[in-house]
Amino acid sequence: MRTRSRYCLTNCFEYYKVAGSHRKKRGTLAMAAAQGGEPGPWLCGVSVMCCLTLACSYVGSLYVWKSELPRDHPAVIKKRFTSVLIVSLLSPLFLSLWKELTGVKTDAPLLCLMGFRIEGIIAAIVLPLLLTMVLFLGPLVQLSLDCPWDFLDGLKVAFDPRFWMLCVTDMRWLRNQVIAPLTEELVFRACMLPMLVPCTGPGPAIFTCPLFFGIAHFHHVIEQLKFRQGTVFSIFLSAVFQFSYTAVFGAYTAFIFMRTGHIIGPVLCHSFCNYIGFPAIFGAFEHPQRATVILFYVLGVVLFLMLIYPMTEPTLYGDLPICNLLVKGSTEYSSLCS
């Protein structure tokens, strides 16, 4: 992370040394000047440090409560709800402070930059979630084949208020399906991406932002070591796998946020993926209906690759607030905002 910070700072200083360099114009130092702002030379450094501080604040809030109980204990979950919600509610202040420190000016309101807006909301709710379900077509078919209920029984359960009462009173369900998706997307996407885009541009920001998200999940190693939930080697391998998976997933939800300009899509996709979990790929090869399951795994990936750009076409979601952070006429602006 320090290497990335030094790299960004070097780019920022080089921009001022070589004003005519086309490569440096990709940064929105030029954008801010064109829109009336006067960003300081520390734009990239401030952006990275704000993101890092925000990530540390989110993870640190989980450990302000001293407890010998495991993370899945209801008492621990309730306390952590309180701390992460406080950090999440304060997270817009980081974005506001970043704007003051860097001098970046934008016509878009703060909440709009964070993806809280009405324009295109229906498409933002339906299309990204549907796209994610297409990607998980194989696991969904696998689950349906293994489910003892038929379709009508499933509908009855889904529309039964007692089922949802059981869910909302289950602390683990609330954490995995509501609080974690909402707070993590708010902090790691809605607040961080607007801070990174002026430094790196939209493309690199999509792949930089998930690094903070992946690193934030390393704190699980502390709890696994504390409660001896495996050998040091197995815990380390688990942490590396989780970092890789969360980084890829974070890039995907960052892509959705950037293309739709809404926070609701990433939140719903996050909740859905938490429910499905990591696809049981090896289990598919041992399934009694192996050919069918594998076929839908492949079909899901192929359809996802075909639909990812059409279903996230920015024109479906109205004017994107993130475009206020890009130079009009630049390649990035033309590809995302025109």
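Placement of Cβ uses the backbone N, Cα and C atoms for every residue, glycine included.
According to TrEMBL, the feature domain 'CAAX prenyl protease 2/Lysostaphin resistance protein A-like' maps to 173-276. Marked as transmembrane segment by TrEMBL: 40-60, 81-98, 118-141, 232-257, 263-285, 292-311.
Where the transmembrane segment (292-311) meets the stretches 40-60, 81-98, 118-141, 263-285, the count of C-beta pairs under 8 angstroms peaks at 118-141. Of the ranges 40-60, 118-141, 263-285, the one with the most Cβ pairs under 8 Å to the transmembrane segment (81-98) is 40-60. Residue counts for the domain 'CAAX prenyl protease 2/Lysostaphin resistance protein A-like' (173-276) under DSSP, split into helix (H, G, I), strand (E, B) and coil, are 93 helix, 0 strand, 11 coil. Residues 114-116, 121, 124-125, 127-129, 132-133, 136, 138-140, 142-143, 176-178, 180-182, 184-186, 189-190, 245, 249, 252-254, 256-257, 293-294, 297 of the same chain sit 6 or more residues outside the transmembrane segment (263-285) yet have a Cβ under 8 Å from a Cβ within it. For the domain 'CAAX prenyl protease 2/Lysostaphin resistance protein A-like' (173-276), the model's average pLDDT works out to 85.
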